[in-house]
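If you look up Swiss-Prot, you'll see 1-21 marked as signal peptide. If you look up Swiss-Prot, you'll see 22-386 marked as topological domain 'Extracellular', on the strength of sequence analysis. What Swiss-Prot records for 143-162 is disulfide bond. Under the heading N-linked glycosylation site, Swiss-Prot lists 189, 306, 317, 370. The feature domain 'EGF-like' is assigned by Swiss-Prot to 246-288. The annotation transmembrane segment is assigned in Swiss-Prot to 387-407. Residues or ranges marked as topological domain 'Cytoplasmic' by Swiss-Prot: 408-459. What Swiss-Prot lists as phosphoserine is 440.
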């Protein structure tokens with residue numbers, strides 16, 4: 001009982017907790033086609049703690065050069081005011097500082113400050129001004145933070161002491177290739193879980209390792225992972241041009257399912273695409289059946305379901321024909337447990353068993369999705385040590401009980417052996433006495449015989 005209590009008391013010491021003043025639900029991320037991703041975090045950290053937090057996520061404290069980098073940061077800021085609700089100006093740590101050997105340069109745009117990670121491709125200085133002019137100094141190290149008006153509009157740079165706390169920080173991540181945003185089709189409730197421990201409902205580009213989950217009609221849950229190859233990246237189980245969830249109609253708009261009247265809108269401010277198994281007609285608005293696949297629009301075929309068992313787990317194969325479903329209730333039902341959401345700064349990710357789709361094309365135009373259930377993976381607190389400790393404790397207790405039992409049996413047998421020997425000795429003593437008496441009687445009878453003989457002789 002005491003070891004178990006001690007283990008329970010030690011659990012909080014090893015279980016990671018969010019940092020002071022963190023607001024993980026307000027964090028957000030964005031990626032550009034160049035392979036750079038940025039994340040914004042609301043947390044009252046010092047400069048060094050902010051650098052460690054970015055490093056823990058696999059990135060560095062962000063620079064904010066002009067051009068695409070500034071636009072990405074601007075997009076993150078304008079996505080929402082954050083936990084303050086836009087009631088005050090916010091400060092965010094960036095990788096801008098002035099070392100001890102550098103002096104204040106009043107005529108330079110950065111006033112003698114420099115970026116920790118210079119960008120050769122985007123070497124132009126940031127267009128942001130200084131909210132307050134830095135103090136003149138050549139002997140004191142100073143840091144700079146990005147000030148955002150009401151937390152959404154960048155106002156400029158502000159000199160700060162590095163040991164002070166700000167309202168948040170910006171991180172930057174660099175990847176060689178990215179996956180484009182998947183086409184949702186009829187999918188809803190999209191959630192992107194990025195490898196730098198942030199989740200988002202929408203990402204134009206996703207780095208390798210990102211997992212996307214969505215709900216299809218009929219409460220069917222699907223997921224896919226961005227996988228990197230030699231020179232490109234793609235979503236696992238999704239062929240180019242396919243969607244996460246098939247549409248119940250024949251038309252697509254920007255990768256999403258649309259109704260027929262919307263697609264045939266006379267304004268012509270968008271283009272129409274056809275679902276799998278159909279092709280766009282000559283008029284550019286109607287969908288026609290592909291001749292080589294010999295599909296018909298009459299009726300709807302019910303999906304077939306084959307369930308087989310493999311050593312890795314149950315695999316469910318679902319075949320969706322080229323025709324589409326008019327009733328969502330006809331879709332096969334699959335129960336899946338997913339855990340998506342924003343994580344805190346520290347690495348506390350835990351995933352539940354997931355079902356990953358693999359799409360296979362057939363000559364008949366059908367699309368087959370293979371859902372394989374993988375075992376749960378725990379990336380944080382492992383309970384195997386607790387199980388081992390309990391098993392070892394039980395084994396020790398059983399060994400002690402067996403030892404005590406064996407000693408008791410040995411002691412009992414020893415006492416029985418001594419008592420049996422004592423009884424046997426007592427029985428042997430009367431026998432000796434009987435033999436002595438018999439010998440004495442025999443000797444007396446012998447004497448009597450001799451006396452009788454002698455008497456006869458005398459007579």
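Just so you know, glycine gets a Cβ as well, placed from its N, Cα and C.
Projection of Swiss-Prot feature records onto the structure.
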residue: 143; record: disulfide bond; DSSP (3 states): strand
residue: 162; record: disulfide bond; DSSP (3 states): coil
residue: 189; record: N-linked glycosylation site; DSSP (3 states): strand
For this session: Can you grab the distance from residue 143 (disulfide bond) over to residue 189 (N-linked glycosylation site)? Cα atoms, rounded to a whole Å.
Result: 41
For this session: Work out how many Å separate residue 162 (disulfide bond) and residue 189 (N-linked glycosylation site) at their Cα atoms, rounded off.
Result: 41
Exercise. Of these disulfide-bonded residues, 143, 162, which scores lowest on Cβ atoms within 10 Å?
Worked result: 162
Seminar exercise, completed: Within the same chain, the residues at least 6 apart in sequence whose Cβ is under 8 angstroms from that of residue 189 (N-linked glycosylation site) are 213, 214, 215
